[in-house]
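Please read the structure below before turning to the comments.
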Amino acid sequence: MPREIITCQVGQCGNQIGMEFWKQLCMEHGINPEGILEDFAVNGEDRKDVFFYQADDEHYVPRAVLIDLEPRVINGIQKSAYSSLYNPENIYIAKHGGGAGNNWGRGYTDAEKVQDEILEMIDREADGSDSLEGFVLTHSIAGGTGSGFGSYLLERLNDHYPKKLIQTYSVFPIENDVVVQPYNCLLSIKRLTLNADCVVVLDNNALTSIAVDRLKILQPTFSQINSIVSTVMAASTTTLRYPGYMNNDMVGLIASLVPTPRCHFLMTGYTPLSLDQKFTSVRKTTVLDVMRRLLQTKNIMVTGAVKKGAYMSILNVIQGDVDPTQVHKSLQRIRERKLANFIPWGPASIQVALSKKSPYIDSGHKVSGLMLANHTGIRSIFKVLYDQYRTFRKRDAYMNIFKQTKIFEDNLDEFDSSDEVVKSLIDEYAAAEKMDYINWGSDDDDMQFDPREPPKFSNIQ
């Protein structure tokens with residue numbers, strides 16, 4: 001029985017990458033833009049029901065809720081070839097249509113006002129599932145809607161569905177993308193730390209560099225960057241949709257990657273990468289070649305994160321016609337060459353999940369791979385944003401913008417709380433590099449989490 005996943009797309013960025021994700025899933029499952037299964041895909045062995053359900057006329061509908069405070073992106077989706085794919089009852093656009101003005105406080109406050117309407121959509125989707133496993137949130141943490149509305153939604157999902165998993169695909173910003181983004185990011189990272197079970201970090205700087213350096217695109221567009229993101233998202237869910245013996249549900253994936261509750265921020269790598277699946281610069285793909293490339297810094301989608309620190313866990317999702325003995329030999333070669341540095345207190349091994357490729361897409365290569373990795377160096381991206389926040393906060397820069405919203409009109413306690421959580425997260429990732437990490441925080445009575453506490457998902461396996 002498939003374990004269903006509901007996708008919540010929040011804000012401009014969240015809906016843009018969500019749209020690309022659904023396009024990719026439709027292609028991989030042989031579903032046309034109107035949700036109708038193509039004749040050639042009728043006898044497929046895939047699990048479409050994880051992300052889609054069938055309407056009364058048997059066309060496929062994404063288990064998705066689309067949310068934005070301004071109409072432009074969702075209106076574009078509704079005017080596209082995929083306009084009839086989505087359930088129109090699951091689309092929310094704010095009546096005022098003015099957006100959140102890149103203000104986390106406005107996004108959060110607006111979400112609080114309409115929470116009943118949003119939760120009704122989500123509850124309806126949940127009630128239509130036979131065995132709901134969890135939720136996926138797509139959003140950016142830099143602007144107002146994805147960060148503020150997304151933060152509020154994370155809190156409510158955690159309260160409303162305490163035993164369901166929450167995974168996010170969170171886009172981290174390019175420098176100076178939004179003037180108040182250090183505030184928005186800090187407030188969002190607190191919620192991602194406390195209310196999500198797994199966060200896939202999508203670093204816009206790294207994605208842009210990959211598009212320029214690897215794909216040779218001089219000035220990448222948002223659409224091209226989002227296409228890279230959708231490739232990663234689709235690959236990270238492939239074992240759920242084309243199940244094998246292992247990692248065929250979300251809980252299995254997350255449990256293999258997240259050893260302690262708060263250290264659940266993942267980085268990704270993908271190879272071979274091409275915006276046109278029929279053309280790629282990699283002439284020959286073997287399991288060893290793919291697995292070696294996944295460990296190269298230039299292929300990792302978080303800037304500079306693996307230059308220092310150590311891996312806590314690695315899961316490689318290998319797609320294609322693969323001989324398991326080649327996987328074993330490749331792992332042995334990587335171990336001999338010490339291509340991956342692991343933390344001293346855990347298993348120093350790369351986990352591998354083998355998955356089928358969609359038979360409906362001619363990818364032009366035999367083997368492809370996605371790396372999902374938990375690495376202590378991820379703290380570098382938090383440290384940059386945290387330092388920017390501290391610089392702003394010392395000067396009280398732009399703080400009047402936030403004081404105009406309900407959550408900050410009386411005090412700034414929420415900033416202080418977020419500061420504490422993010423600083424602790426940075427410290428914990430640094431501590432995880434040392435052998436005595438299992439005792440980390442044991443003398444601190446105020447710690448909200450004990451690193452030895454089992455993650456939420458371990459209770460529902």
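Cβ atoms are placed via backbone N, Cα and C, with glycine included.
Remember, predicted model here, so these are calculated numbers, not experimental data.
Swiss-Prot lists Ala142, Gly143, Gly144, Thr145, Gly146, Ser147, Gly148 with the feature GTP binding site, giving sequence analysis as the kind of evidence.
Here the features listed in Swiss-Prot are painted onto the structure.
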| residue | record | Cβ neighbours (10 Å) |
| --- | --- | --- |
| Ala142 | GTP binding site | 25 |
| Gly143 | GTP binding site | 31 |
| Gly144 | GTP binding site | 27 |
| Thr145 | GTP binding site | 31 |
| Gly146 | GTP binding site | 31 |
| Ser147 | GTP binding site | 35 |
| Gly148 | GTP binding site | 33 |
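Excluding Ala142, Gly143, Gly144, Thr145, Gly146, Ser147, Gly148, which define the GTP site, the same chain contributes Gly11, Ala100, Asn102, Trp104, Gly107, His139, Ser140, Ile141, Phe149, Gly150, Asn184, Ser188 within 8 Å (Cβ to the Cβ centroid), listed in sequence order.
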